[in-house]
Amino acid sequence: MLNAILVPVGILGVFGLIFGIGLAIAAKVFEVYEDPRVPLVRAALPGANCGGCGLPGCDALAANIVGGSAAIDACPVGGASCAAAVAEIMGMEAGSAVKKVATVICQGTCETAPNRAEYYGEMDCREAMIASGGSKGCRYGCLGYGTCKAVCPFDAIVIGEDGLPKVDPEKCTSCGKCVEACPKSIMTLVPEAQEVIVKCHNFDKGKIARLSCTTACIACGACVKACRFDAITVENNCAKIDYDKCRQCYECVDKCPMNCISGDVEYGKSTAYIIEENCIACGLCAKNCPVNAITGEIKKPPYVIDHDMCIGCGICFDKCRKSAIEMRPNKTK
């Protein structure tokens with residue numbers, strides 16, 4: 001009777017031991033190595049899983065950062081602090097990534113670009129596009145039905161009373177969801193500090209563009225002529241700014257006859273001032289000034305800036321090695 005119990009138990013025990021050894025061997029043979037830095041990087045990421053980095057989520061981004069196929073500042077949500085934390089884990093330098101925010105490159109409000117028809121349907125820009133490109137008179141303009149607002153996971157977008165989306169730069173993480181969702185391609189990411197922006201996406205010729213919107217770019221080229229830094233070109237009948245070259249001197253804003261380039265000339269513009277006690281009269285500022293607004297003699301400080309001629313481009317500020325120049329806003333709100 002006792003043998004009838006012990007024999008099956010012994011057999012089961014032997015089989016259990018054999019299977020256990022087999023599983024242990026299989027675990028070693030088929031083990032998938034995970035770099036110990038992956039969970040550390042994952043913990044440093046914000047965990048939004050928004051896909052703004054171009055990957056399915058934060059887990060995938062962490063693995064790609066450690067694997068070397070993604071930059072340490074690839075997360076648009078975490079910003080500089082997240083990049084610094086990841087850089088510390090990876091033993092690298094974070095660098096200085098420029099924060100970007102979503103911007104609407106359209107000024108076609110209900111008044112400046114009226115509708116050509118009434119739209120009855122789902123309040124979604126993508127669905128409205130099916131009906132002959134939407135109800136807007138300008139076929140390139142914002143429809144204003146709030147698809148960008150609906151897809152924003154951070155509540156950074158609201159639809160204003162004028163029918164155009166308004167982006168809160170404090171909430172925007174530059175994840176790019178709104179850019180992907182906009183059927184008119186008028187949502188774009190620009191550097192947060194960039195105020196001078198062409199707010200038009202109309203590719204029609206000037207006369208036609210003017211008929212559909214009173215603030216449309218007419219490709220007149222006035223901005224191109226005004227820019228001293230070759231930062232503006234006209235492509236497909238619409239002005240385009242190279243933000244890497246733009247000095248935000250507001251000359252293009254002042255010259256645009258259609259007011260389609262954003263920027264507050266009165267309050268946004270700055271003027272350069274010499275800090276006399278720091279000036280060593282090296283002449284770098286005068287040499288690089290594009291309008292010859294700075295005069296003086298080498299080794300005879302201080303140099304003098306003609307504030308009426310200064311366009312506020314800030315080149316002298318960047319070139320000065322002695323912190324002898326500061327940029328002061330012309331007006332403060």
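Any Cβ shown, glycine's included, is placed from N, Cα and C.
Feature annotations, courtesy of Swiss-Prot:
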type    : residues                       : note
DOMAIN  : 33-92                          : domain '4Fe-4S'
BINDING : Cys50, Cys53, Cys58, Cys75     : [4Fe-4S] cluster 1 binding site
DOMAIN  : 126-162                        : domain '4Fe-4S ferredoxin-type 1'
BINDING : Cys152, Cys172, Cys175, Cys178 : [4Fe-4S] cluster 3 binding site
DOMAIN  : 163-192                        : domain '4Fe-4S ferredoxin-type 2'
DOMAIN  : 207-237                        : domain '4Fe-4S ferredoxin-type 3'
BINDING : Cys217, Cys220, Cys223, Cys227 : [4Fe-4S] cluster 4 binding site
DOMAIN  : 239-266                        : domain '4Fe-4S ferredoxin-type 4'
DOMAIN  : 270-299                        : domain '4Fe-4S ferredoxin-type 5'
DOMAIN  : 301-330                        : domain '4Fe-4S ferredoxin-type 6'
Check Cys75 ([4Fe-4S] cluster 1 binding site) against DSSP and tell me helix, strand or coil, would you?
coil
Using Cβ atoms only, which residues of the same chain lie under 8 Å from Cys217 ([4Fe-4S] cluster 4 binding site) while being at least 6 residues apart in sequence?
Val198, Cys200, Asn202, Ala209, Asn237, Cys238, Ala239, Met258, Cys260
Ranked first among 207-237, 239-266, 270-299, 301-330 for CB pairs under 8 angstroms with the domain '4Fe-4S ferredoxin-type 1' (126-162):
207-237
Taking 8 Å from the centroid of the Cβ atoms of Cys50, Cys53, Cys58, Cys75 as the cut-off, which other residues in that chain fall inside it around the [4Fe-4S] cluster 1 site?
Leu45, Pro46, Ala48, Asn49, Gly51, Gly52, Leu55, Gly57, Leu61, Ala74, Pro76, Val77, Gly78, Cys175
Excluding Cys152, Cys172, Cys175, Cys178 themselves, which residues in that chain have a Cβ inside 8 Å of the centre of the Cβ atoms defining the [4Fe-4S] cluster 3 site?
Ala102, Cys148, Val151, Pro153, Phe154, Ala156, Ile157, Val167, Thr173, Ser174, Gly176, Lys177, Val179
Cβ atoms near Cys223 ([4Fe-4S] cluster 4 binding site) (within 10 Å, other residues, all chains):
28
Taking the Cβ of Cys58 ([4Fe-4S] cluster 1 binding site) as the centre, count every other Cβ atom within 10 Å, in any protein chain shown.
23
Cys223 ([4Fe-4S] cluster 4 binding site) versus Cys172 ([4Fe-4S] cluster 3 binding site) - Cα distance in angstrom:
29
For the binding-site residues Cys50, Cys75, Cys172, Cys175, which one has its C-beta crowded by the most other C-beta atoms within 10 angstroms?
Cys75
Do me a favour and check the Cα-Cα span between Cys175 ([4Fe-4S] cluster 3 binding site) and Cys50 ([4Fe-4S] cluster 1 binding site); whole Å is fine.
7
For the binding-site residues Cys53, Cys152, Cys178, Cys220, Cys227, work out the Cβ neighbour count at 10 Å and name the residue with the minimum.
Cys220
[4Fe-4S] cluster 4 site shell beyond Cys217, Cys220, Cys223, Cys227, criterion: Cβ within 8 Å of Cβ centroid:
Val198, Ala219, Gly221, Ala222, Val224, Lys225, Ala226, Ile232, Val234, Ala239, Cys252, Lys255, Cys256, Ile261
Going by Cα-Cα distance, pick out whichever of the binding-site residues Cys50, Cys53, Cys152, Cys178 is nearest to Cys227 ([4Fe-4S] cluster 4 binding site).
Cys178
Between the binding-site residues Cys50, Cys53, Cys58, Cys75, Cys152, which lies closest to Cys220 ([4Fe-4S] cluster 4 binding site), Cα to Cα?
Cys152
